[in-house]
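Step one of this worksheet: look at the structure below.
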Amino acid sequence: MDSKESLSPPGREEVPSSVLRPAERGNVMDLYKTLRGGAPVRVPASSPSLAPAAQPDSKQQRLAVDFPKGSASNAQQPDLSRAVSLSMGLYMGETETKVMGSDLAFPQQGQTSLSSGETDFRLLEESIASLNRSASGADNPRSTAPAAGSAAPTEGFPKTHSDLASERQNPKGQTGGSAGSAKLHPTDQSTFDILQDLEFSGSPSKDRSESPWRSDLLMDENCLLSPLAGEDDPFLLEGNSSEDCKPLILPDTKPKIKDNGDLILSNSNNVPLPQVKTEKEDFIELCTPGVIKQEKLGPVYCQASFSGANIIGNKISAISVHGVSTSGGQMYHYDMNAQQQEQKPLFNVIPPIPVGSENWNRCQGSGDDNLTSLGTMNFPGRSVFSNGYSSPGMRPDVSSPPSNSTTAAGPPPKLCLVCSDEASGCHYGVLTCGSCKVFFKRAVKGQHNYLCAGRNDCIIDKIRRKNCPACRYRKCLQAGMNLEARKTKKKIKGIQQTSTGVSQETSENPSNRTVVPAALPQLTPTLVSLLEVIEPEVLYAGYDSSVPDSTWRIMTTLNMLGGRQVIAAVKWAKAIPGFRNLHLDDQMTLLQYSWMFLMAFALGWRSYKQSSGNMLCFAPDLVINEQRMTLPYMYDQCKHMLFVSSELKRLQVSYEEYLCMKTLLLLSTVPKEGLKSQELFDEIRMTYIKELGKAIVKREGNSSQNWQRFYQLTKLLDSMHEVVENLLHYCFQTFLDKTMSIEFPEMLAEIITNQIPKYSNGNIKKLLFHQK
């Protein structure tokens, strides 16, 4: 059942009908006279254009005024346009806003816009002045007499001087009211009723004997501005659906409202004038579409939302402004319905404005933010609402710049695996540029011992590839560059050339096959090449040779240097392929057992290379010569260290052999109970034993001396256990003897403290190659 609302408040006196001017019965009054500034247009009641108004069941019934019999038939009736315009002031956001009917929407495609005179509200003051002259009869003393006519609502309302004075002060009506507090429409009615916003004390359904058109009520500033207080007695009208009370129907391309609230399209091309009709229930219901307030403050788009719902009867009317709903009920978007997406919009209130997104301010209210925004919905046959985004991907009305069709998208360029420059081809088995090709060739053939000034993690790219040759060479090896790959390529190319001469014979005789080398050199980087890259750099001791030497100063300096060398050894061990796969406890255990092995063997290698094993080269700035060896407590320890360098000199150990032997010394001592990842440890150790054999074969070639040399090198590895035992014994003694006052670095002191109980208890297991 359609709800109907009136303006008649109970408990107010009825305006006498004697003050109203008589008018002809059946005439239709133009309510837009004041808004348009023109004279009223009178249409006879028998006009064919009003024929549908007498049919209650018509789909396009117009709202007209039918005067009941015996109601001031000879009195001239005043114009009602001023009262309607004042009532419509609630929906006037600005002076440029159009108010009712088809004037409310912006001109759409194929629709001519209204003249500027229809939207000029400055004519309102002139209309008020003319109404003042026409309503001068209201000062007659007869206007105070009670009306003797029927109790039906009157067709006009007088004006007082106080009311006219208030209108001169506020000629625009109630345009300053907030549109946010207005309830736009219920769920069962698609039109908007502005009368339900008036806060009256009672429902008109209880008392209909008084006139709803009270001049003192219409002239009250607060009556149109006050929101619905949500009282227990809502404005409900008791009636049935067959009563002659239909909402305003909009023709043309605007959606029409059916009885059930659905929208339909009208084929009529006539623009009807909004009209008022006297109802049978002695009250007037004025229905009008909603009005959206358009701001004048530049390109500012304010998205409003509401936090309340108007409860009418047992249904909840959800308020939705700009697509934001405040309840879970049906949601309206003014011009569109979720069930009717194929029809044209009623309003196109916000045309696309080509401005940047930084000029748009969105005022988000307390609505449901999860619902679809009005600006994001797209329907066929309508222009999409612009949200002001300047990005072509966000705004559908902004076309993206045309793509250059002449530039063909070719394959991406191939990059060098070392410096990421554009690769020139496959060099030494790896896709590299010409610069890295030449660098790798010179680095390998020149046997340069590059040292990194940083932490062996320099960035190698096109710009910074020449800053650190050590890291660049390491990256070349990691990429898989190998000089043997070039030789293999030449061999394969020569074999292919020789096989082309006998290609026909090969095709005729399937038993023939292309000759392929039995064994190709390994193109991937070997373990020895990786060990070369991760080898720690030489450290300086910082020893002052200008000061006279002493055992205490030399020993303290050696301990400080040893602490830094231990840190470098930890980094080196973690970079060894396969070592980090061991359990973390096993890694720490191996480092604690082998730190003296690594330092002593590296010292022997430096002494062998730099002084042919005659002096101990701890650092470039600290070399222990024969004179320094004569100091107290120095000779016995230096004698054990010179043994290592002398053996390396005697065997003429190569650099590859030295690297493999040094790695095996890291894996030469374990606890008696074994390691947590013992199987993996045995596999890694066997791998580097084989690498030592490969290094021997590479040095000696396919000779019968390979096994003899392997025996000699492994015998040297076994002898390192005795050398390290003597060195550790002296180290533990100086660490425990506080009278010597020899300083130890923190990390080295921690390792010694943890290692002393294990050696004293004999909880060590030596991994020897030969039985004694």
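Each residue, glycine too, has its Cβ placed from N, Cα and C.
As stated in Swiss-Prot, the feature zinc finger covers range 416-436 out of the listed 416-436, 563-583, 605-625, 626-646. Separating the Cα atoms of Lys698 (SUMO cross-link) and Lys475 (N6-acetyllysine) is a whole-number distance of 23 Å. Cβ neighbour count for Lys698 (SUMO cross-link): 13 (other Cβ atoms within 10 Å of its Cβ, all protein chains included). In this structure, the C-alpha atom of Lys414 (ubiquitin cross-link) lies 18 angstrom from that of Lys475 (N6-acetyllysine). The most densely surrounded of the recorded positions Lys414, Lys475, judged by C-beta neighbours within 10 angstroms, is Lys475. Lys475 (N6-acetyllysine) falls within a helix when secondary structure is assigned with DSSP.
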